[in-house]
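Asker: One structure, as structure tokens, below. Some questions next.
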Amino acid sequence: MSSNQWKFDNTYLALPDDLYTREQLNPVSKPKIVAKNTQLADELGLDISIFESAQLFGGNSLPEGAEPIAQAYAGHQFGQFSMLGDGRVLLLGEHITPHGKRYDIQLKGSGRTPYSRMGDGRSPLGPMLREYIISEAMHALAIPSTRSLAVTATGDQVRRETSMLGGILTRVAASHIRVGTFEYAARLEDDTIIRKLADYTINRHYPQSNNKDNKYLALLDKVIDVQASLIAKWQAVGFIHGVMNTDNMTISGETIDYGPCAFMDSFNPATVFSSIDVQGRYQFQNQPGIGLWNLSRFAETLISLIDSDEEKAISLAKGSLKQYETCYISYYLDYMAQKLGIHERQENDDQLMIDFLNLLELHELDYTATFRLLSENKVEQMTIRNEETFTNWYQRWQKRIRTEDQPYQLMKSVNPVVIPRNHLVEEALKEATDDDDYTKFNKLLKVVTDPYNESHAEKYMCGPDPSQQVLQTFCGT
């Protein structure tokens, strides 16, 4: 591969080396690219000829200018604090696009690092394919997310419950700075380090904060805002992240880490899929509250920067955190209003939305399919079409949207026909990993990255039969 298509910068290396370790590549035996994102390559200003080099995407060679590191971070995992770090990831560097945008380029599943603890630093192929398909679906749904440039089969086996083929994901992100990165820096108890990290983050993501009277409080306010918007979008589309630890909350406001995530089929606010979330901490209805809990941990790391008077700093941080709930509710209700064809919310609209969600829950209706049927005004296909509670609600809704401009057009633009349903994803991954057959994977990828296309409806719109239901998801890595 001609490495001069890449334009790497490595500004993260200007930070104190407490926050990362320089690393060498860990070669694999027979790298083979099995999924490649030519559209993303184009967005990055890269020619598709980059995919001719499986050696690079397998971690056997470096593009010019790359200086691989493993990043250090901490995290509250299910509420318990741990010092962590990139245990199976290498950050190659920051690629600069022709338009001047900066993106981290990571190899995930690339081998051991000093942060691997007892792990082998590798990943089975299946979870890497899973992250590829779901992260790209999220992007197509206009939900901020890390992206997937390629998945490479390594040719080597990794040992989990059984022996499985290894895989490496090439992940692209605005950055991989997390709440956990700040937690790690704060635990070092060196104000210089946390200040340099905060200044770097502001300059990279929120440079307008430099113009504020208190730029560190402004940073907190921005992260609160982008996370409130992000989680509201998750709730509106029925996405359950599954592992909302603080190391999986980005400062940029992108969704990251697709281990045990899933989309709801039947609407149930208590839905939880992750096999490791035995207490249901991260169930669907808890996600907004967990967002605030995580942001509170972020705020704690900034106290010494917000003001030299600790009591005043805490008061200011609490004031910012109090805005989260208002901010989240406003975003969520706006998104839900659009799903019902309402451009600008009015006084009674919130109750209209709540009543509809209650109907979905009571009758165990498919969340995505029901909103789409409503978008197409196909009431005759709804199983509750003759229920009095629904007909009463429907009449109220019809009366409300008469005053809206093209409500059905708005609804069709925000209510997807297809989502990466668990049973379809698992079916596609099984054929890919067991049989080296990517037919179903590629077909599913095509439809979930074109989620509003009605031509996909017949095969991909419906939820699973009882025999197809996926009740648990696994991190798998």
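Just so it is clear, glycine is given a Cβ too, placed from its N, Cα and C backbone atoms.
Pulled from TrEMBL, these are the listed features:
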ACT_SITE  Asp247  active site, proton acceptor
BINDING   Gly85, Gly87, Arg88, Lys108, Asp120, Gly121, Arg171, Arg178, Asp257  ATP binding site
BINDING   Asn248, Asp257  Mg(2+) binding site
Asker: Could you round the CA separation between Arg171 (ATP binding site) and Asn248 (Mg(2+) binding site) to a whole angstrom and send it over?
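Answerer: Rounded to a whole number, the Cα-Cα distance is 14 Å.
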Asker: Quick one: of Gly85, Arg88, Asp120, which binding-site residues lie within 10 angstroms of Asp247 (active site, proton acceptor), measuring between C-alpha atoms? Sequence order, please.
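Answerer: So the list reads Gly85.
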Asker: Whole number in angstrom, please: the longest C-alpha to C-alpha distance across Gly85, Gly87, Arg88, Lys108, Asp120, Gly121, Arg171, Arg178, Asp257 for ATP.
Answerer: 23
Asker: If you skip the near sequence neighbours and keep only those at least six away, which residues in the chain come within under 8 angstroms of Asp257 (ATP binding site), Cβ to Cβ?
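Answerer: Set apart from Asp257 (ATP binding site) by at least 6 residues yet with Cβ under 8 Å, we have His241, Val243, Asn248.
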Asker: Under 8 Å Cβ to Cβ from Asp120 (ATP binding site), same chain, six or more residues apart: give me those in sequence order, or none if nothing qualifies.
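Answerer: The answer is Arg88, Gly111, Arg112, Val158, Arg159.
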Asker: Helix, strand or coil by DSSP: which one applies to Asn248 (Mg(2+) binding site)?
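Answerer: Asn248 (Mg(2+) binding site) sits in a helix per DSSP.
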Asker: Note down the number of other Cβ atoms within 10 Å of the Cβ of Gly85 (ATP binding site), including every protein chain shown.
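Answerer: Its Cβ has 23 other Cβ atoms within 10 Å.
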